[in-house]
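Remarks on the structure that follows.
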Amino acid sequence: MNPQALLIFTMSLLLGSSTVISANHWIMAWAGLEINTLSILPLISKTHHPRAVEASTKYFLVQAAASTLLLFSSMTNAWFTGQWDITQLTHPMSCIMLTAAISMKLGLVPFHFWFPEVLQGSSPMTSLLLATAMKFPPTVLLILTSPSLNYTLLSLMAIASTALGGWMGLNQTQIRKILAFSSISHLGWMTIILIYNPKLTLITFYLYSLMTAAIFFTINITNTLKLSTVMTAWTKIPSLTAMLMLTLLSLAGLPPLTGFLPKWLIIQELTKQELTVTATVMALLSLLGLFFYLRLAYCATITLPPNSTNYMKHWQTDKSVNTPAAVLTMLSIMLLPLSPMIMTTP
């Protein structure tokens, strides 16, 4: 892609996200989301592969439908209450329509069908943007309107997302699809705690973005897009592949890695709110995700391809010095000691 065009699209993405985050009027928030959608479309279809064109078409249709529903929700609220302020969404029908619109934007169950297909048709770096940066503005809108939303509906969608994200990821062989279902599962964890502690939703989103970025940078460096090629990655960069295993286990939520922190805090908060059954169900459903993370980690580090000749493993030097991947990987493994500081912040 032309560097000038890439710069324009990247700046537009920053502009759109900043507009949504700083807006207090629904029209401004809607405009920011539209700028985001139109900016990411050329990045998805830049390879000109039929799969990429299909992914960008699906993304456009779903996001356009979600934006329309969001605009209709805010107009309905303004019609009944006279309020265009984002935090003043009080009409019940508007709240339900907004929940559906944001769920379509994020890929929450039952509006999740587009997300794995779009990620599969995009390049690893574009997939990283779709799984992290593009989900931040809708998450902010969800947090701003959380006091007005229906908790029963959000809880059902959250539990369904965690269950389906874990269940559908079990039989996948494409890494981008596995990470897409991982994203759906993590969205369930963010949504379940949204009304009781929105700060925890943001912490979970930040740490999820950190760990997912580390994995996408790693698969971009090693050029591995499916399980069969992950098995050969060990001979290219043994150290990075070993760190990939730890990052995957962190994303699964195993202590003493960073990914354990948000799940621990969410289960603790749910228990404080006397939602012990919900906390137990969420903890059990996370075992589904643990299985396919362990399978990925097993393929990456323990399985070696059959080879009849003895040879010395060569270290790959041309791409091995990658500062973002190194920094993100270390952060996604070693941030758990910060948990007392996070827990004591007001």
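Placement of Cβ uses the backbone N, Cα and C atoms for every residue, glycine included.
In TrEMBL this protein carries:
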| type | residues | note |
| --- | --- | --- |
| DOMAIN | 23-288 | domain 'NADH:quinone oxidoreductase/Mrp antiporter transmembrane' |
| DOMAIN | 290-343 | domain 'NADH dehydrogenase subunit 2 C-terminal' |
| SIGNAL | 1-23 | signal peptide |
| TRANSMEM | 60-80 | transmembrane segment |
| TRANSMEM | 92-115 | transmembrane segment |
| TRANSMEM | 151-171 | transmembrane segment |
| TRANSMEM | 178-197 | transmembrane segment |
| TRANSMEM | 203-225 | transmembrane segment |
| TRANSMEM | 237-257 | transmembrane segment |
| TRANSMEM | 277-304 | transmembrane segment |
| TRANSMEM | 325-343 | transmembrane segment |
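Non-local neighbours of the transmembrane segment (151-171) in the same chain are 96, 99, 103, 108-110, 112, 116, 177-178, 181-192, 194-195, 278, 281-282, 285-289, 291-292; each lies 6+ residues outside the stretch with a CB under 8 Å from one of its CB atoms.
Long-range contacts of the transmembrane segment (92-115) within the same chain, counting only residues at least 6 positions beyond its ends with a Cβ under 8 Å from a Cβ of the stretch, are 33, 58-59, 62-63, 65-67, 69-70, 72-74, 76-77, 80, 130, 135, 138-139, 141-142, 145, 148-150, 153-154, 157-158, 160-161, 164-165, 180, 183-184, 187-188, 191.
Relative to the transmembrane segment (277-304), the listed stretch 237-257 leads the set 60-80, 178-197, 237-257, 325-343 in CB pairs under 8 A.
Same-chain residues lying 6 or more positions outside the transmembrane segment (325-343) and placing a CB less than 8 Å from one of its CB atoms are 203, 207, 210-211, 213-214, 217-218, 221, 240, 243-244, 246-247, 250-251, 255-261, 264-265. In the predicted model, the domain 'NADH dehydrogenase subunit 2 C-terminal' (290-343) has a mean pLDDT of 73.
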